[in-house]
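According to Swiss-Prot, the feature transmembrane segment maps to 107-127, 148-168, 171-191, 208-228, 231-251, 287-307, 310-330, 352-372, 398-418, 419-439, 442-462, 485-505 (among others).
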Amino acid sequence: MSAITESKPTRRWAMPDTLVIIFFVAILTSLATWVVPVGMFDSQEVQYQVDGQTKTRKVVDPHSFRILTNEAGEPEYHRVQLFTTGDERPGLMNFPFEGLTSGSKYGTAVGIIMFMLVIGGAFGIVMRTGTIDNGILALIRHTRGNEILFIPALFILFSLGGAVFGMGEEAVAFAIIIAPLMVRLGYDSITTVLVTYIATQIGFASSWMNPFCVVVAQGIAGVPVLSGSGLRIVVWVIATLIGLIFTMVYASRVKKNPLLSRVHESDRFFREKQADVEQRPFTFGDWLVLIVLTAVMVWVIWGVIVNAWFIPEIASQFFTMGLVIGIIGVVFRLNGMTVNTMASSFTEGARMMIAPALLVGFAKGILLLVGNGEAGDASVLNTILNSIANAISGLDNAVAAWFMLLFQAVFNFFVTSGSGQAALTMPLLAPLGDLVGVNRQVTVLAFQFGDGFSHIIYPTSASLMATLGVCRVDFRNWLKVGATLLGLLFIMSSVVVIGAQLMGYH
């Protein structure tokens, strides 16, 4: 009698969906509120000079921290409940809705979510005209053999945009156009994420003049605005080279063997779409579409740099672009476009953004569980912030500088706004640095590196999730690639921060 052994199929561990990860983080965050008491800082106004103008910012008073107590003198806790009603603090089951509807039109979550839907719809119209697909085919035909040059050219331009004017959300719009180009060139949509949004964040983090990060942090820390630019420019060059080389190596591997791409299946959308595209002569209508598209991009950059336009204005600019291009498409019958297909294209483009928009709202809800992240608000976050600051105070100055970098990187998971994080952390860490011998310029370096580079992998980064959404890249597929690049940049950041402290950078 022979024994028959049945082989059981091996179960491979699969990375949980991003929503599952966020919900698990929400549970851990809720549990923390049961053991960590609520703390509070008083807020104060600080002034700093930018381009000859006096700016003000609401920040915490580092000497005012206190644990809130009840009438019996015992520490007060804002323990997250399972479910709450009315204007009570959100419970665990409330955090998705509260996160999705929080904020204003100027930021996370509702402002960013509406921004994503509007630009998704606007570019849905642009792509429906067929001009972009037709232009990509023509571009490839005229640059055959030199395709690899697109990657360094785009990467450097986007990194420069992040360094000079804090480019971030704007990269989403460019990614919509560049994604089909990269796939057509034999790369993948992860390459698009790298050359657009990730490049902007490398520039953002290593900038010498970013108005939303380094300028605000220097102003709050009492360091002359735009000082220390020499080292920062060198760091920007090094960081950009690291990111560019990483991207070139990754893109080359994917081009040689497309099956190595983690998004080979999801990129089928772009490949199938391209298979249906037939090369046709460029018409006058196509040229009008490209002229309007280029003009709006210039208009957006001008508005951000000159007038400090932000989410509401940029979204309205892209809506204007979509409307005008849609009218051109209807008038010139581009790709058989009608008024009805113009409307359905807007809806389809917006629909593509729903999944990443949900992630943005859910991530914001996590912050609401521990406090709103605003200077002067009572929250668990303040207690954690003060405790970590006290722990750093007992370290050697070079080690303390490195721990400031690490702390800023972790803290950025909860407060992804560069200026918001500066308002919460710099008033504490700048004077703390004085006590342990860390130069304030180094403290600012630790802040900008920790704040900027960690945007590469945090699902709480609205712009990252939006870029992944338009490129149809699942966060789980992005995480391994992004974490590897972040590791390289964190090593560089650590060397720079410790080296700057030891060399007396100021």
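Keep in mind that glycine also has a Cβ here, set from the backbone N, Cα and C atoms.
Note that the structure is a prediction, hence the values are computed from the model and not measured.
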With pairs closer than 6 in sequence left out, are the transmembrane segment (352-372) and the transmembrane segment (442-462) joined by 3 or more CB pairs under 8 Å?
yes
So which of 107-127, 208-228, 352-372, 398-418, 419-439 is most in touch with the transmembrane segment (310-330), counting Cβ pairs under 8 Å?
107-127
Mind checking which residues of the chain, 6+ beyond the ends of the transmembrane segment (287-307), have their Cβ under 8 Å from one of its Cβ atoms?
126, 129, 131, 135, 161, 164-167, 170, 173-174, 313-314, 317-318, 320-321, 324-325, 328-329, 332, 334
Taking pairs 6 or more apart in sequence, does the count of Cβ pairs under 8 Å between the transmembrane segment (208-228) and the transmembrane segment (148-168) hit 3 or more?
yes
Between the transmembrane segment (171-191) and the stretches 107-127, 231-251, 352-372, 398-418, 485-505, work out which stretch tops the count of Cβ pairs under 8 Å.
107-127
Ranking 107-127, 231-251, 352-372, 485-505 by Cβ pairs under 8 Å to the transmembrane segment (148-168) puts first 231-251
With the cut-off at Cβ under 8 Å and a gap of six or more residues from its ends, the chain residues touching the transmembrane segment (485-505) are 194, 198, 202, 205, 228, 231, 235, 238-239, 242-243, 246, 397-398, 401-402, 404-405, 409, 438-439, 441-442, 445-446, 449-450, 453-454, 456-457
